[in-house]
Amino acid sequence: RVAQQLEELLQWLMGAPAGLKMNRALDQVLGRFFLYHIHLWISYIHLMSPFIQGILWYGGLSACLGLTFALSLLSDMVALFTFHIYCFYVYGARLYCLKIYGLSSLWRLFRGKKWNVLRQRVDSCSYDLDQLFIGMLLFTILLFLLPTTALYYLVFTLLRLVVVLFQGVLHLSVDFINSFPLFAMALRICRPYRLAEGVKFRVLCEEPGTALHLLMEINPLKCSTVVQTYRTPTYSCYPRDSWAALVKKLFVGELIYPWRHKSTKTD
């Protein structure tokens, strides 16, 4: 069903999507390229169809091993069944990134600049007339082909982000279940005096000429404090980049890896 919806989406992109005037030749080439991959994916699904029912049945049976196991297995199954969307995103991102870096290099050529690979900086450079003429032709071609490539990149990036968000919700659910202090919370509800935050005294009898009678009461922990204090550390994943870095990578077409492991060592 997902493959059929993608095929309809590509047929829409190969026409005049939202009234946009695309480059007809490049639009047809990209559309047929992605449609060919969808046909390959549908053929693969037909070959796997006798085994899919058994896979889903054993996947549901695996919930006996725990809810977190079932959620992790569901995340892996989503990644496998949306592998064609990931491939489309990689193809579109690589093509879009290539054109963005090509335009930036040719823009430096017009300004008499070049990128110094050894010093990792932009230096001045003098170009002759033939180099400027060829650079102008390449810049014009890349610039007019960019909207068509950017549209395909935008559509497949949005589809990839939907899959990533769904997997992120599953990862957060697994992390919450693994780290939730269930025993401490049950103890706080059933026997709140076992988890004390402190004590408080209440005056029972305060009459002149008599002894002062005080009643000591246990002040139980708050539920939020119990969760923060007794929550076990996990080895879950967390976002790799900040929001600013993520937007920058999306703009230039770099591949997005949504999270990384906490134990990953960085320089």
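Keep in mind that glycine also has a Cβ here, set from the backbone N, Cα and C atoms.
Some features that TrEMBL has for this protein:
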TRANSMEM  29-48  transmembrane segment
TRANSMEM  55-82  transmembrane segment
TRANSMEM  88-110  transmembrane segment
TRANSMEM  131-155  transmembrane segment
TRANSMEM  161-184  transmembrane segment
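Tallying C-beta pairs under 8 angstroms between the transmembrane segment (131-155) and each of 29-48, 55-82, 88-110, 161-184 places 88-110 first. Residues 67-68, 71-72, 74-75, 78-79, 82, 85-86, 195, 226-227, 229-234, 236-237, 256, 258-259 of the same chain lie 6 or more positions beyond the ends of the transmembrane segment (161-184) yet place their CB under 8 Å from a CB of it.
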